[in-house]
Amino acid sequence: MPARKRFGQHWLRSEAILDRIVAAAELRPSDRVLEIGPGRGALTQRLLAAVDGLVAVELDRDLIGQLQQRFGQAENFCLLEGDILQLDWTAAIADRPRFANPSKVVANIPYNITGPILQSLLGTIAQPRRPAFERLVLLVQQEVADRLCATPGQRAYGALSVRVQYLASCERVCAVPPKSFSPPPKVQSTVICLKPRPWPQVCNNPGRLEKLLNQGFSAKRKMLRNNLKSLYSSEQIEAAFAAHQIAPEARAETLSIDQWIGLCTDLGDPTDSAINPTA
């Protein structure tokens, strides 16, 4: 069956890359795994051979029949039809102990919805997903992998880097060239491994931190203090910067997660009375 462009389908055919993905998941026989977008089942076959329960969510109705015919007799296989962003898959398997509460996610996800899928799997700073997955092994566009795994000071480091790394550690597993797919995509790809933190870094007001990140990264070319002046007075900003060893000329992409948390704590909630209109 040919890949469908409207679903962002590119079949991963490299045996070596498939093996790397499975190895990165560090599967145990007792594991229950969620696979998003099983496609034609190349990765599915490997996962079924390694774990006690596999829940696969597929949107393409034509593929559903093929997958059911190929794997439907396997007792450790549960196939759900629907959009992973809209389907309440947790409710669909809640009364099936063999599949309920998967601890790991393995997926070759459509690149055009990577952000929403990450949010559905990790949650947000203000509302982390609970219970958290133990490990997520995802095949994503290289540009996205660079942003997710970037460290302070790197060009790719931004609000997405902070939001994801607040919730999980991120590391690259391997690069995946276009020739590894059929049809080949026009972009480079990377396998990444996310390990959600059992309890994210302590922040006394996660909602405020979300707002602070939005404002801080609103204009990356500007100094951070200028981006924050619409929320806080110059005196508040200078005091918080000094307390967390942040240079006056620092830009948002140079701050560590701990420094962002420190700013969030020290600056408090922005109020009209705190704004210095002449700053």
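Just so you know, glycine gets a Cβ as well, placed from its N, Cα and C.
What Swiss-Prot records for His10, Leu12, Gly37, Glu58, Asp83, Asn108 is S-adenosyl-L-methionine binding site.
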Around the Cβ of His10 (S-adenosyl-L-methionine binding site), the count of other Cβ atoms that are within 10 Å:
23
Which number gives the other C-beta atoms within 10 angstroms of the C-beta of Glu58 (S-adenosyl-L-methionine binding site), all protein chains shown included?
25
Chain-internal residues, separated by at least six, CB under 8 A from Asn108 (S-adenosyl-L-methionine binding site):
His10, Leu12, Ile36, Gly37, Gly39, Leu43, Leu138, Leu139
Are there any residues in the same chain, six or more apart in sequence, whose C-beta is under 8 angstroms from the C-beta of Asp83 (S-adenosyl-L-methionine binding site), and if so which?
Leu59
